[in-house]
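Going by TrEMBL, these are the annotated features:
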DOMAIN    B:19-248  domain 'ABC transmembrane type-2'
TRANSMEM  B:20-43  transmembrane segment
TRANSMEM  B:55-82  transmembrane segment
TRANSMEM  B:102-125  transmembrane segment
TRANSMEM  B:137-161  transmembrane segment
TRANSMEM  B:167-188  transmembrane segment
TRANSMEM  B:200-218  transmembrane segment
TRANSMEM  B:224-245  transmembrane segment
Amino acid sequence: MIRVEGLSKTFRGGFQALVDVDLEIRRGEIFALLGPNGAGKTTLISVICGLVNPSAGRVTVDGYDNLREYRKARALIGLVPQELTSEAFTTVWDTVSFSRGLFGKPKDPAHIERVLRSLTLWEKRDNRLLQLSGGMKRRVLIAKALAHEPQVLFLDEPTAGVDVALRREMWEVVRQLRDQGVTIILTTHYIEEAEEMADRIGVIRRGEIVLVENKHALMRKLGNKELTLHLHEPLDAVPTALTGHGLALTDEGHALVYSYNAASQEESSSISGLLADLEAVGLRVKDLHTRQSSLEDIFVSLVQERA
Amino acid sequence: MNLQSVKTLYLAEMARSLRTLLQSVISPVISTSLYFVVFGAAIGTRISEVDGVSYGAFIVPGLIMLMLLTQSVSNASFGIFFPRFSGSVYEILSAPMSYVEVVIGYVGAAASKSMLLGLIVLLTARLFVPYSIEHPLMMLVFLVLTAVTFSLLGFIIGIWADGFEKLQLVPLLVITPLTFLGGTFYSIDMLPPFWQTVTLANPVVYLVSGFRWSFYGISDVSPLVSLLMILLFLSVALAVLSWIFKSGYRLKP
Ligand SMILES: Nc1ncnc2c1ncn2[C@@H]1O[C@H](COP(=O)(O)OP(=O)(O)O)[C@@H](O)[C@H]1O
Ligand SMILES: [Mg+2]
């Protein structure tokens, strides 16, 4: 649906925000672009949507070059920006209808009504935008992006700074759209969000796409967890009865660390085996905690892998 | 041409102006009346006629120009500055519209509104003085060309400005003084010879002179020169705009 080839962007002033990006988005999927702040997610989206001029490379949307055939390419795209923006004095209905007309589509009140209802904005249709809460405003931006019936929807950090309830609601809306056949690209720096929503995940760091992978494969790769057992009495060595579990002794013998993959059934179930063996050996555990690799760890390990 | 998009943008811009309709209409009526009271009544008693036209009637074209220039610049500059400032310009820039279409939408709306106000001034003036329009067609040509040219200028200012101060600076420090010094309230014949020459460097002189000619057949410079000058300003504005769009200046990094 979208093909990005050799895309680079160097801003005036010399900062290179995108480095030779290649990416293909498939029709009908939810694609999550995952990366820390400043990685270049917004820049990449902006180039595809025609808001930022590329320095090199090209983008096609459903086969249309986004610069040479910009009318056809852009007509297919809906964009929900990262920052909340709004013309404070217009009403919800007017601003959403405006978006439809701006994209060259004839008036269709029935469609606008459907969009507003699906985003639970129907009751608010006559409200001015300045009367709405932040969450409502974000929904208005989604409604505007959907007003012209796009085939591709870009959501730039749709749930940043949004409360949990609204986040769930957003996810629900995104799923419904996907079910209607809309291709969705969302950016996020929350790994949980990518995990929850996406079919495929692309990881971007310092302007480079580090990997693109099917979610399940990635989650398996990234699902490493550590269980740390804090002991009452320090040990000199891992007891022989426990060597089969691949434990590591740390904190000068005060802690045992067990690494496992939470995404794997078999490995997680082995925890109970470990706990039973601990009991048998008679080790007294003072405290225990688990830690999931953070996004930062994942980036670091990905980058090291590539180096 | 993507007519639906242009129409949508144009109508939305007009609607924005119409939200403040009352104030848009009342303020030119009041300011025109004030000019007539101050200039027409106070000065008009001393200067009874200029080139065979009563002083009150003489200043009518200048007043309309004053309204046209200030309103064109302020409407058009605000029209594009505000979405840039609020961030909502992303929608315009990502719409399947060419730059020409975007400009037609914004500048068309700004020019329409200022022409409307110009006509209101014309009607208000009628309450104070009788006047005639000798060349109505040319009057319209000057009206449209001036409104479009200065709306383009306003649009450029709205893209250039990076804050509200700059947005107001140009109309305040450039347009208003040039208009007052551009023969709005006097014929440049009344000035000493040196100042007559200096005044010719003021673009507004050509606009006011040509416009006044279309009313009374009298002018400071030949109407043809006026027309050519307006067309020159128009071309300069278009050239600057096309550079802006080609370079992505302030719109596309
Ligand atoms: N217009 C610009 N001019 C210069 N640098 C920019 C511009 N826009 C973004 N950047 C820089 O590009 C990098 C990537 O930004 P961005 O794409 O917004 O990241 P993300 O959306 O992943 O947080 C950042 O370091 C940012 O400072
Ligand atoms: Mg961003």
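Every residue, even glycine, has its Cβ placed from backbone N, Cα and C.
All TrEMBL annotations are machine predictions without curation.
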For the transmembrane segment (B:55-82), sequence-distant contacts whose Cβ falls under 8 Å of one of its Cβ atoms, 6 or more beyond its ends: 13, 16-17, 28, 31-32, 35-36, 39-40, 43-44, 47-49, 89, 106-107, 109-111, 113-115, 117-118, 121-122, 125, 128-131, 143, 146-147, 149-155, 157-159, 161, 167, 170-171, 175-176, 179-180, 182-185, 187, 204, 207-208, 211-212, 214-216
Among the ranges B:20-43, B:167-188, B:200-218, B:224-245, the one whose Cβ pairs under 8 Å to the transmembrane segment (B:137-161) are most numerous: B:224-245
Surrounding residues of the transmembrane segment (B:102-125) on its own chain - C-beta under 8 Å, 6+ positions past either end: 5-6, 8-10, 13-14, 17, 24-25, 28-29, 32-33, 36, 60, 63-64, 67-68, 71-72, 75-76, 79-80, 92, 131, 143-144, 147-148, 150-152, 154-155, 241
Residue numbers, six or more beyond the limits of the transmembrane segment (B:224-245), whose CB comes under 8 Å of its CB atoms: 99, 103, 141-142, 145-146, 148-149, 152-153, 155-156, 159, 203, 206-207, 209-211, 213, 251
